[in-house]
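Contents: one structure, followed by commentary.
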Amino acid sequence: MAGIQQQQLVNDTLPASWNGSSNRIASVNVEEGQPQPWVDDLDLEDPNHQKPGWRKFLSYVGPGFLVSLAYLDPGNLETDLQAGANHRYELLWVILIGLIFALIIQSLAANLGVSTGKTFKHHTSWILGKHLSELCKAEYPKYVKYCLWLLAEIAVIAADIPEGIISSLLYYFKLILDTYLLIGTAFALNILFHIPVWVGVLCTGCSTLLLLGLQKYGVRKLELLIAVLVFVMAACFFGEMSYVKPSATDVLKGMFIPKLSGQGATGDAIALLGALIMPHNLFLHSALVLSRKMPNSVRGINDACRYFLIESGFALFIAFLINLAVISVSGTVCSAQNLSSENADRCGDLTLNSASFLLQNVLGKSSSKIYAIALLASGQSSTITGTYAGQYIMQGFLELKMRKWIRNLVTRCIAIAPSLVVSIIGGSSGAGRLIIIASVLQMILSFELPFALIPLLKFSSSTTKMGPHKNSIYIIVISWILGLGIIGVNIYYLSTGFVGWLIDNNLPKVGNVFIGIIVFPLMAIYILAVIYLTFRKDSVVTFLGPNKNDPQQQANMENGLGPEMERVPYREDLADIPLPE
């Protein structure tokens, strides 16, 4: 009976363009209760009605800064350092294009969370918003859903093979990042206070849990802390750039003249792109916006999407400037005419820890301390957002019912384990080798990107998911061109890189044939999986419009003429991470 009533609710709310019927599946999280009062029952000239402005905009500020930290984590900074050391400023254009692309994609993720799971007037129930991982779980059949999960596990295992560490226990996109986030902070503590790296790893895990405890007193306080850490990083790296004084002309050329010269430039460019556009960030952003209470009207949703776009744009602009500063510092120092042979060797194998000594030798001890403070801010803030992303992904795909503070504690302990073991056994050099391996994972993340990006592009362009808030034709064209472009680059580099390795390695022919028999079918499956996700039709409805029998409501929704409504119930499970009393 409940299923019949739910289907009747769907039939009564289908847009007129569906001709009164649909064979699609409706996925709704219905919360019964008294509907909230509607503003259209009140005086529209009510002076207490909140109009668009700075105060309203500031109520939406926060998610963009949390998301921007994925572009400023220690692994990203190390990739920047290596790109600058190897290619000077030539790859700055990759950072610029990547962050423009990231802004477009992140805005789609925010819009998806804001716009899905909505309901309009004359419904006696409420439908809460859904984020990307929940939509994927509702949309795809079980075998596809578990294949997506297994792809992430393969990436984790790939990190496990070279060093034999236990990072294969870490779950999904976010947790494969924790290794270098923890090590980055531990390096910073080692530089600042000369404590062993393994002690720094333990301090990092404890401090992350304490910082997450701030959210017990309100999500805004934690978001404010994250924003402060971002600006601390910006101040530190711009301070570094003031030491080296890079050529403004060369920097501008690197930003606006695409160039891939020198050995390994293509691989470094893909690593940079993989470091900038991370799959877990798409899941994170679509969930973070649901922590805000927002109107449930076309006009209110449009305002929210616009505010989130502006906020994300500002946060990503700061992230771009920080990445630019890191590459400029590394490129200038390592290409200096008077560079000693010892420092030249460091430039050839630059890591987060060796970079501090390089800066100290070339620019002085104060420069090394500034770098360490920036690295500390990067590591701490990134571990926080990584924990968020892991919780949202696990909640969406697996519907884990574990209490959040317990899940938070367990995931932090698991994340600390590989870093702690390696840092105890190998010290700073062992931890350095671990973070080099973690940097290789940036390319694996780039290969995994289609399996988060394609669902996002499809859902955000779908009337069944977004209603009148779906992407415009211009955004659809631009986003799909960008998405297919990076997917094509990934497939090309994967194919040519593997073929080149087969030709140049010293394995016997039988071994090469055996490897080819295994790998080429996997590459074909990868391409077929991308094609499947691209062309599969969506079947689950999450946007319920106004009653089809009310032409006025239809016109109000489609034209954005409906008045503002009272704030609707929001995702309290996403708005806080309660810790034990």
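Note that Cβ sites are derived from N, Cα and C of the backbone, with glycine treated the same way.
Here Swiss-Prot gives transmembrane segment for one range in the set 349-369, 370-390: that range is 370-390.
Within the set 24-54, 551-581, the record from Swiss-Prot flags 551-581 under the feature region 'Disordered'.
Residues within less than 8 Å, Cβ to Cβ, of Asn338 (N-linked glycosylation site) and separated from it by at least 6 positions along the same chain comprise none. Between the transmembrane segment (473-493) and the transmembrane segment (57-77), fewer than three CB pairs separated by 6 or more residues in sequence fall under 8 Å, so the two stretches do not touch. The stretches the transmembrane segment (270-290) and the transmembrane segment (57-77) meet in space: the count of Cβ pairs below 8 angstroms, excluding pairs fewer than 6 apart in sequence, reaches at least three. Against the transmembrane segment (90-110), the recorded stretches 57-77, 224-244, 307-327, 513-533 differ in Cβ pairs under 8 Å, and the greatest number is found for 307-327.
Among the recorded stretches 224-244, 307-327, 513-533, the one sharing the largest number of Cβ pairs closer than 8 Å with the transmembrane segment (57-77) is 307-327.
When Cβ-Cβ distances below 8 Å are used as the criterion, the transmembrane segment (513-533) is approached by residues 144, 147, 447, 450-451, 454-455, 458, 487, 491, 494-495, 498, 502, 507 of the same chain, each at least six residues removed from its ends.
Only residues 6 or more beyond the boundaries of the transmembrane segment (224-244), in the same chain, are considered here, and those with a CB under 8 A from a CB of the stretch are 62, 65-66, 68-69, 72, 211, 214, 315, 318-319, 321-322, 325-326, 328-329, 332-333, 359, 363-364, 367, 370-371, 373-374, 377-378, 380-381, 384-385.
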